[in-house]
Amino acid sequence: MKKTAIAIAVALAGFATVAQAAPKDNTWYTGAKLGWSQYHDTGFIDNNGPTHENQLGAGAFGGYQVNPYVGFEMGYDWLGRMPYKGSVENGAYKAQGVQLTAKLGYPITDDLDIYTRLGGMVWRADTKAHNNVTGESEKNHDTGVSPVFAGGVEWAITPEIATRLEYQWTNNIGDANTIGTRPDNGLLSLGVSYRFGQGEAAPVVAPAPAPAPEVQTKHFTLKSDVLFNFNKATLKPEGQAALDQLYSQLSNLDPKDGSVVVLGYTDRIGSDAYNQGLSERRAQSVVDYLISKGIPADKISARGMGESNPVTGNTCDNVKQRAALIDCLAPDRRVEIEVKGIKDVVTQPQA
């Protein structure tokens, strides 16, 4: 009979519904089961009549799933009430117990596994007998511990709900000298369990990082002939007016992020050293004026570039007369302002 029941359990496993989730590690579950309980090797003493060995069995269980391969379960089993009749005695036997087992499983897929449970059951067995000859009734009970072996298949219907088909065997439930029998029990059951903590945790979405400051670089070119007299580094009134117009655009500079660099350039007339010094003084004059208007002093700096980076190129190489050469090289005499940190600069001021 045991072989037949196990074969049925394996065959029915083929009809498992498609699962949606496998159990997670380190989670708890609880469930209940109902099935066919069959007693074996009953051998009631002084009974020569029929014994109803097939009964309804049920149980409840809870467990902890350590990982896909190992879990632990504790449960209560009602193994059923087995009546018997004989020419001498009529009576009944019932058994129940609390079991503790280790559950060893092997995943077939992410959602279906086979398993075995190994452990023990603390049971209580009760008998009630009526003597047909004397008319006397007698009640007895016994308690003890027996090994438990189980095997089955388990699959998930949803991430939280799982079903199992299981065959369980419990050996020697009772003392024949005390209650008149010592049967074994096989329980083929269908169970349903609820698994805690199976839902996917909502992902923690990090807030989008603040956009990086859009540091833009703007270039302004002011003609030195508008700002200064020839060969001088003192601002003319026209130059101050041009810088006033520029300041109206620079005033939106964020002092925490922005910076202004003023570059002074000269033409090639004169020595390198002289032109370097003149370019530095002119750049500093522009810086000083813009600071006086309100540009933070720690956000603006001056740099003299001398006669480097001429914009006229070779245009004036054939000009020999000094006045004409000075006029031809006028574009080289300039002040460039490089601004970082201003997003909206309208237009270049007219010099």
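Backbone N, Cα and C define each Cβ position, glycine as well.
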Could you check which of 121-128, 161-168, 257-264 is flagged in Swiss-Prot as transmembrane segment?
161-168
Which residue range, 84-95, 96-107, 240-251, 324-335, is the one Swiss-Prot calls transmembrane segment?
96-107
When Swiss-Prot marks a stretch as transmembrane segment, which of 55-66, 283-294 is it?
55-66
Range annotated as region '4 X 2 AA tandem repeats of A-P' in Swiss-Prot, from 70-77, 198-205, 206-213, 222-229
206-213
Which range out of 27-37, 55-66, 96-107, 112-120 gives the transmembrane segment (161-168) the most CB pairs under 8 Å?
27-37
How many helix, strand and coil residues does the domain 'OmpA-like' (215-343) contain under DSSP?
53 helix, 28 strand, 48 coil
Return only the integer: C-alpha distance in Å from Arg164 (site 'Part of salt bridge gating mechanism') to Glu73 (site 'Part of salt bridge gating mechanism').
14
Residue pair Cys328 (disulfide bond), Glu73 (site 'Part of salt bridge gating mechanism') - Cα distance, angstrom, rounded
99
Quick check for me: are there 3+ Cβ pairs below 8 Å between the transmembrane segment (187-195) and the transmembrane segment (96-107), leaving out pairs under 6 residues apart?
no
Residues outside the transmembrane segment (96-107) whose C-beta sits under 8 Å from one of its C-beta atoms, at least 6 past its ends, are 22, 63, 68-79, 113-124, 146, 148, 150, 154, 170, 173
